[in-house]
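Record features (Swiss-Prot):
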- 525-545: compositional bias 'Basic and acidic residues' (COMPBIAS)
- N39: N-linked glycosylation site (CARBOHYD)
- N56: N-linked glycosylation site (CARBOHYD)
- N62: N-linked glycosylation site (CARBOHYD)
- N102: N-linked glycosylation site (CARBOHYD)
- N107: N-linked glycosylation site (CARBOHYD)
- 523-551: region 'Disordered' (REGION)
- 1-15: topological domain 'Cytoplasmic' (TOPO_DOM)
- 37-145: topological domain 'Extracellular' (TOPO_DOM)
- 167-173: topological domain 'Cytoplasmic' (TOPO_DOM)
- 195-203: topological domain 'Extracellular' (TOPO_DOM)
- 225-234: topological domain 'Cytoplasmic' (TOPO_DOM)
- 280-348: topological domain 'Cytoplasmic' (TOPO_DOM)
- 370-376: topological domain 'Extracellular' (TOPO_DOM)
- 398-405: topological domain 'Cytoplasmic' (TOPO_DOM)
- 427-432: topological domain 'Extracellular' (TOPO_DOM)
- 454-467: topological domain 'Cytoplasmic' (TOPO_DOM)
- 489-494: topological domain 'Extracellular' (TOPO_DOM)
- 516-551: topological domain 'Cytoplasmic' (TOPO_DOM)
- 16-36: transmembrane segment (TRANSMEM)
- 146-166: transmembrane segment (TRANSMEM)
- 174-194: transmembrane segment (TRANSMEM)
- 204-224: transmembrane segment (TRANSMEM)
- 235-255: transmembrane segment (TRANSMEM)
- 259-279: transmembrane segment (TRANSMEM)
- 349-369: transmembrane segment (TRANSMEM)
- 377-397: transmembrane segment (TRANSMEM)
- 406-426: transmembrane segment (TRANSMEM)
- 433-453: transmembrane segment (TRANSMEM)
- 468-488: transmembrane segment (TRANSMEM)
- 495-515: transmembrane segment (TRANSMEM)
Amino acid sequence: MSFQELLNQVGSLGRFQILQIVFLLLLNAIVVPHIAMENFTAAIPNHRCWVPILDNDTASDNGSRILSQDDLLRISIPLDSNLRPEKCRRFAQPQWHLLHLNGTFSNVSEPDTEPCVDGWVYDRSNFLSTIVTEWDLVCESQALNSVTKFSFMIGLFIGGIICGHLSDRLGRKFILTCALLQFAITETCVAFAPSFFIYCSLRFLAGLSVEPILVNSHLLMLEWTSPKFLTMMAALLSCAPNIGYMISAGLAFLFRIWHHLQLTMSVPIFFFLILTRWLSESARWLIVTNKPQKGLKELRKVAHMNGMKNSGDLTMEIVRTSMKAELEAAKTKPSLRDLFHTSILRKRICVLSFMRLFFTVSIFGLAVHLQHLSSNIILLQFLISALAILVSVIGPFVLNHIGRRITYLVLMSLRGIFILIAVFVPQEMQTLRIIMATLAEGISSLCVGVSRLHTNELLPTTLRATAVGVIGFFGNSGSFLSPLFMLLATYYANMPWIFYGGFSIFNAFTVFLLPETKNQPLPDSTHDVGNDWKESRKGKKEDPIIKVTRF
């Protein structure tokens with residue numbers, strides 16, 4: 001509110017904001033793809049049991065060398081219900097009589113088969129090595145593949161709980177730097193994990209630091225930016241991760257061994273860690289947390305970088321006068337209880353938490369299971385990211401013209417419809433199913449950007465990170481619950497996707513329980529969220545008319 005006047009004085013979108021936003025966007029572009037990294041590093045290739053007569057070069061039982069690979073496969077591996085080689089069982093003894101049967105007959109009694117006691121043979125045409133091939137996470141151990149995703153999401157969940165409160169107490173920049181250090185170390189160490197348990201433990205620690213990085217980078221952009229540029233920032237926030245996803249798809253194509261891909265994606269984070277020393281702490285946060293001297297120092301630094309010649313005129317008296325109400329409020333330390341102190345803020349927290357839960361179940365449910373949509377995960381990820389960038393380009397125009405609520409309604413509804421169409425399209429129409437799923441995932445990033453922007457605009461600065469942490473608690477609950485919905489596929493193959501699509505459509509209409517925030521100033525205190533903020537918003541709308549009349 002009154003901080004906006006100070007921001008205008010030092011430059012609301014100058015050289016400082018551009019450099020800081022570019023850095024934080026690049027940081028998002030390199031961190032976010034790690035959330036779905038296991039689409040590549042944990043890809044499940046086609047596989048079958050290892051059998052001596054087929055895979056041991058020294059074997060020559062019964063003159064098998066004169067038989068083709070297809071014949072050897074036929075007598076060694078039983079067929080499943082789709083007449084494809086079984087992935088998890090083999091014949092206990094070669095079934096020579098099958099060579100004389102028509103290919104449509106595959107009646108083999110259960111006692112003639114056994115599990116893959118000698119291991120598996122993997123199709124390495126897409127990836128030379130993944131954690132699945134390294135630790136044999138297939139057949140009876142296939143559930144462990146979900147454990148890797150679950151461990152990362154649990155880390156994300158816990159990180160979301162603790163990050164908000166720490167950010168409001170210790171500052172955006174400090175928590176961001178600490179989290180980035182932890183993320184860089186753990187994700188680099190993942191590449192050298194000697195066992196599955198250590199791998200999951202490191203992924204848990206990495207997940208623990210993701211939410212503090214994303215939340216605080218968004219807050220540092222938000223709290224240094226004028227409201228009229230927030231829609232542009234939301235679009236850029238949607239584009240940045242997808243540029244990262246496109247790069248990760250390209251790197252996955254170049255580095256087919258998961259250790260190398262993991263290192264290539266993780267080591268550059270240390271470079272960004274070094275650059276965080278030049279980040280500026282949020283002056284808005286410093287002032288409203290009763291640190292006006294430090295806030296003034298940051299404002300003067302920004303004014304100097306933006307080339308504002310009157311930066312020396314900015315004094316402590318001006319800051320205290322402009323932010324008098326906020327400084328008075330800052331004398332009392334905000335607590336978690338303050339989130340529910342007023343009925344309006346309480347309602348917003350509850351609605352946003354409810355929405356975020358269903359939102360993340362649907363978003364992550366689709367994002368981390370892309371391999372179910374296509375065998376060529378690299379190409380699919382690249383196409384989805386390219387589409388998401390194109391969709392994000394129109395984001396600012398849509399947000400500026402029709403606002404946050406209508407944009408969110410349209411995007412989430414379309415996303416849910418695309419998912420449901422993909423579900424009910426016949427299996428034979430695979431191309432259409434992939435197109436629908438690609439469209440659904442393509443608009444997901446803009447949905448995330450709009451959701452984060454609208455959420456931050458509804459919360460006061462003094463409690464923003466804490467509130468985002470509470471909302472993130474429910475959101476991250478959805479993130480680790482989303483893989484569990486895939487267990488429903490054992491009862492009905494399309495059931496998980498029906499839930500993902502239905503949640504998206506349901507979530508779209510709950511946005512009308514929240515107010516529109518287009519062209520409105522950010523609230524700085526809980527007082528601004530109440531009726532006084534509504535009056536100030538009304539006054540802001542009337543100001544231009546008053547000025548024109550006086551002129």
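Backbone N, Cα and C define each Cβ position, glycine as well.
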Quick one: find which recorded stretch in 235-255, 349-369, 468-488 has the most Cβ pairs under 8 Å with the transmembrane segment (16-36).
235-255
At the Cα level, what's the spacing in Å between N56 (N-linked glycosylation site) and N39 (N-linked glycosylation site), rounded?
31
Check for me, if you would, whether the transmembrane segment (204-224) reaches the transmembrane segment (349-369) - at least 3 Cβ pairs under 8 Å, residues 6 or more apart in sequence.
no
For a three-state summary based on DSSP, what are the helix, strand and coil counts in the topological domain 'Cytoplasmic' (225-234)?
8 helix, 0 strand, 2 coil
Out of N39, N56, give me whichever of these glycosylation sites has the highest number of other Cβ atoms within 10 Å.
N39
Quick test of the contact rule: Cβ under 8 Å, at least six residues beyond the ends. What residues does that give for the topological domain 'Extracellular' (195-203)?
131, 135, 137, 144, 147-148, 151-152, 155, 186-187, 189
Any idea what DSSP makes of N39 (N-linked glycosylation site), helix, strand or coil?
helix
Give me the DSSP three-state residue breakdown of the topological domain 'Cytoplasmic' (1-15), ordered helix, strand, coil.
9 helix, 0 strand, 6 coil
Can you work out which residues elsewhere in the same chain, 6+ from the ends of the topological domain 'Extracellular' (489-494), have a Cβ less than 8 Å from its Cβ atoms?
423-424
Would you say the transmembrane segment (377-397) and the transmembrane segment (495-515) are touching, if the rule is that at least three C-beta pairs must lie under 8 angstroms and be 6 or more residues apart?
no
